[in-house]
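Trainee: Found this in TrEMBL, in case it helps:
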type: TRANSMEM; residues: A:27-44; note: transmembrane segment
type: TRANSMEM; residues: A:51-74; note: transmembrane segment
type: TRANSMEM; residues: A:112-138; note: transmembrane segment
type: TRANSMEM; residues: A:150-171; note: transmembrane segment
type: TRANSMEM; residues: A:177-198; note: transmembrane segment
type: TRANSMEM; residues: A:219-240; note: transmembrane segment
type: TRANSMEM; residues: A:246-266; note: transmembrane segment
type: TRANSMEM; residues: A:287-305; note: transmembrane segment
């Protein structure tokens, strides 16, 4: 074997870098997981040692990232078709599907065990259940089976604050479930708005999004209904143990804006949307990101002010 | 004789190895820090002492 043949057999121009493996963990989704889990952990009525708190958030984030890698492994065929996901490491040919699966499984096991050791077994069990729910229930089953995929699958993304709370307290109460409900109810309008202006993507991939199965008019109605229910829940949360005047002010303003956005989407027809390239739908989607960030930010602010005699009612 | 400039692929491989190495080192430091915190916290008991207390 000559040097040239060794070169040819071992060098791959598209070989993955460390960043490609990191991209498998869906860093953007991870940042949402980190933030909501951190709020769950800090809003809990107990003090956690900073090192333990840091470990808890890190392992929750790694668990979330692991489920992202398993999702990319399973959905590689869909990602290859959709414009939004074509550049991901597997469809781009940088990482083999098997590598993504191995990484996902290894990090899942590691994160669950380490979270249980760092905090408590209940937190570890909840993280394991979240990974199972996202990978098996959502990715493998619901995503390709029902237009309600986003609704039920949204539960997986809503678990982090609950895990953060349990990691801190070792017990369960109603407050973390209010944070769960907030994210759970927020997910459908957020993704349906995206589906409205990315319709062709889901069509091509054969994913039964509501826009594909029930049409765009029905999707607009669904967005409005979910936004109304979300507004009731979000404002109602202000009067719970994690709420307070700051949260109430944020919730009233943000939900008024969100409702206005949903009403705008509901009133519009396809012709209006096509004319301005889905301006209202795009701005509703952007607003939804700010919406969740500000609600959880307000919960965090209330919690951080409590030791100073402020925050809460 | 001059050395060939490093191929971009080798840089990428070096970066990948460095990333894995640093991640593992960070994990070791984290486990050490976690252990210190757990052992020095007030409610820590060695298993024998815990069993003796229960009897």
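Positions of Cβ are set from backbone N, Cα and C atoms, glycine also.
TrEMBL does not curate its annotations; it predicts them automatically.
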Trainee: Establish whether the number of Cβ pairs under 8 Å between the transmembrane segment (A:177-198) and the transmembrane segment (A:51-74) reaches at least three, counting only pairs separated by 6 or more residues.
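Mentor: Contact criterion not met.
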Trainee: Can you name the far-off residues of the same chain, 6+ from the ends of the transmembrane segment (A:27-44), with a Cβ under 8 Å from a Cβ of it?
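Mentor: Distant Cβ neighbours of the transmembrane segment (A:27-44) are 53, 56-57, 60-61, 64-65, 68, 157, 160-165, 167-169, 175-176, 179, 183, 242, 292-293, 296-297, 299-300, 302-304.
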Trainee: Same chain, outside the transmembrane segment (A:246-266) by at least 6, Cβ under 8 Å from its Cβ: which residues?
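Mentor: Residues packing against the transmembrane segment (A:246-266) from afar: 189, 193, 196, 220-221, 223-224, 227-228, 230-231, 234-235, 237-239, 280-281, 283-284, 287-288, 290-291, 294-295, 297-299, 301-302, 305, 311.
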Trainee: Could you name the stretch, out of A:112-138, A:219-240, A:287-305, with the greatest number of CB pairs under 8 A to the transmembrane segment (A:51-74)?
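Mentor: Result: A:112-138.
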Trainee: How about long-range neighbours of the transmembrane segment (A:112-138): same chain, 6 or more residues beyond its ends, C-beta under 8 Å?
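Mentor: Here the qualifying positions are 52, 55-56, 59-60, 63-64, 66-67, 70-71, 74, 104, 149, 152-153, 155-157, 159-160, 162-163, 166-168, 170, 172.
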